[in-house]
Amino acid sequence: MSKTILFTGGGTAGHVMINIVLIPKFIEKGWRVEYIGSKNGIEKSLVQNVKYNSVSTGKLRRYWDWDNFKDPFKIIRGCLQSYNLIKKTKPDVIFSAGGFVSVPVAIGAWLNRVPIIIREPDSTLGLANKIALPFATKLCTTFPQTGENVSNEKKVYVGPIVRVEIEKGNVLRGRRYCEFQQDKPVLLIMGGSQGAKWINDMVRECLDTILLNFNIIHICGKGKVDPSIGMEGYMQFEYIGDELPHILNMASVVVSRAGSTAISELLFLKKPMLLIPLTNSSSRGDQVLNAEYFSRQGYAEVILQDRVSTNTFIHAVNKLYTNKEKYIQNMNGYKKTNDEGIHQIIDIINEVVK
């Protein structure tokens, strides 16, 4: 009789990508695989080829909002839905990639006495995973320092995990996609899965100067492309899907937010990166800590947006390119492979199911 695994996680692409990597591995091994996500979350559009079950979710906010009064009831409803769904599905194990949708699933798993393994993509535990941790059998971490107060029996450091498609990127295909007229280094600018207005505005203020030395690929986010800008060597996209691995491989240097998924892929590809993390006022501070860790390891240059002018931004980009070989050399020292991390998680899941 085949085993059953449920995956959960969502809210941002970073809380889905690890599941997209793992799902085919379990399908290949003959497991029955299903997914639990939110009704309208990004995970619904990203997860394919498995049965998708939606449950009610409430967003876990750290700021005042009237929805904070409604969301506890949504979470309670989601717990009941998760409990019934897990009871009906009878999974052998559940794997959670975090995000607010995972909280009711973790509680539902505990009530059904089904083991749940949670994975934290960032350098500190997110609120959802903090809530889920007491119900979890194992915690898999991306950074070695994550969960310092969690017992070694429960915590396992597995390192960054990236999509296998990233390995298959082709530089020539990326060049054909962009059709740049001049042979210059390529600067890729990414603002995360939601885009980043601050980065978009800063880049556009500096375009004239940066284009003297670089071709620019700018991933702006949905609804954030500026059609009035038609400068040679500057290409804007709301989002890049299947072509992204080719674009990443083509890029000489990258400017990015400091979400774990993005910077893990850049580390895997050995791409020198200028990280501009979300500020503590805009998030729980995880991106700042991610960026600081990469900076300490010598993988990235970091600037904080509340201390940046157009001149300092331009200087940071030029400095990154000038010193790119130093960053590549430092990243070559990172020895943990993608396959190693994937197999480590699979082994943990198999061990828990025994």
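Including glycine, each Cβ sits where the backbone N, Cα and C put it.
Annotation source Swiss-Prot lists UDP-N-acetyl-alpha-D-glucosamine binding site at Thr12, Ala13, Gly14, Arg163, Ser193, Gln287. Listed in sequence order, the residues of the same chain lying 6 or more apart from Arg163 (UDP-N-acetyl-alpha-D-glucosamine binding site) and placing their CB within less than 8 Å of its CB are Met17, Ile20, Val21, Pro245, Glu265.
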Spatial neighbours of Gln287 (UDP-N-acetyl-alpha-D-glucosamine binding site) that are distant in sequence (at least 6 apart) but have CB under 8 A:
Asp122, Arg257, Ala258, Gly259, Pro277, Leu278
For Gly14 (UDP-N-acetyl-alpha-D-glucosamine binding site), what is the tally of other C-beta atoms lying within 10 angstroms of its C-beta?
24
DSSP-derived structure type at Arg163 (UDP-N-acetyl-alpha-D-glucosamine binding site), helix or strand or else coil:
coil
Please report the number of other Cβ atoms within 10 Å of the Cβ of Ala13 (UDP-N-acetyl-alpha-D-glucosamine binding site).
18
